[in-house]
Amino acid sequence: MSLQMITVSNNIALIQPGFSLMNFDGQVFFFGQKGWPKRSCPTGVFHFDVKHNHLKLKPALFSKDSCYLPPLRYPATCIFRSSLESEKHQYIIHGGKTPNNELSDKIYVMSIAGKNSKKVTFRCTEKDLVGDVPEARYGHSIDVVYSRGKSIGVLFGGRSYIPSSQRTTEKWNSVADCLPHVFLVDFEFGCSTSYILPELQDGLSFHVSIARNDTIYILGGHSLANNTRPANLYRIKVDLPLGSPAVNCTVLPGGISVSSAILTQTNNDEFVIVGGYQLENQKRMVCNIVSFEDNKIEIREMETPDWTPDLKHSKIWFGSNMGNGTVLLGIPGDNKQATSDTFYFYMLKCAEDNVNEDQKTLTNSQTSTEDPGDSTPFEDSEEFCFSAEAYSFDGDDEFDTYNEDDEEDESETGYWITCCPTCDVDINTWVPFYSTELNKPAMIYCSHGDGHWVHAQCMDLAEDTLIHLSEGSNKYYCNEHVKIARALQTPKRVLPLKKPPLKSLHKKGSGKIFTPAKKSFLRRLFD
């Protein structure tokens, strides 16, 4: 194991606890900033470019047919392949916190739509669920298992806000453990079914999950109900016959007490557990190897890296799996100095560089880290202060500065475009204009030509109109193109007006005859 400190050249304030990393064909991408996407990267997804211990965040693009992906923190992510033999994969994203501190219950599917030598274009689609839909949550896990040539997602654990009937002004953001239900999610048909297993008695958050073929192993985790980190080790086996799935759980010995640990895979049968907490405010400095042989799991301690004094003395740390046996770790900087960085970052390599690339497969495991504010009951602790909004973005940090790297592609990103000649949306001070932007931006797609995005604010669309147009499949044309669109439509046939005959100018039964002057006036009137 080797530990190296890395420097971040730009947008360092984006990388805060709760982010996720996705690995596509060896390229790592950052997702989950704390604020709404701004000019530095309108889509909120960055390419994690690390060269010579120097990290640079490069903005990524989304295809025009993508849905909007909020910058979610503490979501559950996993890799989804159509089959175990498939080389191409997608990422499944579920739950997480929005910048408004709301919890999401959406499922997003991230895939690569295209790439060139400079940038990658993603496609993001939202998956609707029916059946036993999991409630909005964070700090949970989602994995994919394969059985009898079929695949299905398994969702477990996490935290959610207390029911609205129990929420008060003082306890509005209070969270509770989700029920210990196991959800099977069919990503193809969007069906979700919950299972109650007697072996799972407590809801667990920020646990470690490892998927192996048709089996998932759950290790550790934190329970809010009794504020413990039990040494759990559960084996959940899923069978997918032609009929209903069969799910069973077995409690295994040899578990570990840890929460918010990071899992990375070093080869086909070996994983490494790094970081996490063993007590409320005590980091777990021990690393573990998890190995599989003949469907048996073995967990043992391994030689730890040479932790630096900063890592040893810091009360909190966070990070995510970069893939290929590499982990990114972050600790808070020295806030006593005005010029100090918000965070310092290290890259821990758990696998040797000469390992066969084919063996460096990625783990289908939760990689989000525990919210420090949720892990300790002491409100005056450093963890609580660190997790508060004291580190939210302001106009003086790098997040709001101009980044010339994304200037050439700004017209294609779809969020900060100049939608019409009279567009007055300030890209430097933009904030959500409608409440619907918690799930989708206040934008609508104009169907004229190849189509383009326009701001609902510039089109004077009411919020209910925006919701109606977003939910349906009706075509919409912006103010600039609505006349063109109308001209393309076939006009309705209008029947000609019937001219009354001259004899009708004589009123029957009235006994009156119109004078020539009146007849002339009436003719002009009807003509």
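Each Cβ is built from the backbone N, Cα and C atoms, and glycine gets one as well.
For reference, TrEMBL has these:
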BINDING   Cys419, Cys423, His455, Cys458  Zn(2+) 1 binding site
BINDING   Cys446, His452, Cys478, His481  Zn(2+) 2 binding site
COMPBIAS  361-370  compositional bias 'Polar residues'
COMPBIAS  371-380  compositional bias 'Acidic residues'
DOMAIN    414-491  domain 'Recombination activating protein 2 PHD'
REGION    359-380  region 'Disordered'
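Taking Cys423, His455, Cys458 as the binding-site residues under consideration, the smallest Cα distance to Cys446 (Zn(2+) 2 binding site) is found for His455. Counting other C-beta atoms within 10 Å of each candidate's C-beta, the binding-site residues His452, His455 are led by His455. The sparsest Cβ neighbourhood within 10 Å, among the listed binding-site residues (Cys423, Cys458, Cys478), is found at Cys423. Between the CA atoms of His481 (Zn(2+) 2 binding site) and Cys419 (Zn(2+) 1 binding site) there is a gap of 12 Å, rounded to the nearest whole number. His455 (Zn(2+) 1 binding site) sits 9 Å from Cys478 (Zn(2+) 2 binding site), counting Cα to Cα. If you take the Cα of His452 (Zn(2+) 2 binding site) and the Cα of Cys419 (Zn(2+) 1 binding site), they are about 8 angstrom apart, rounded to a whole number. Note on the domain 'Recombination activating protein 2 PHD' (414-491): its mean pLDDT in the predicted model is 67. Counting Cβ atoms from all protein chains shown, His481 (Zn(2+) 2 binding site) has 18 others lying within 10 Å of its own Cβ. Other Cβ atoms within 10 Å of the Cβ of Cys419 (Zn(2+) 1 binding site), summed over all protein chains shown, number 23. The local packing around Cys446 (Zn(2+) 2 binding site), expressed as other Cβ atoms within 10 Å of its Cβ over all shown chains, amounts to 23.
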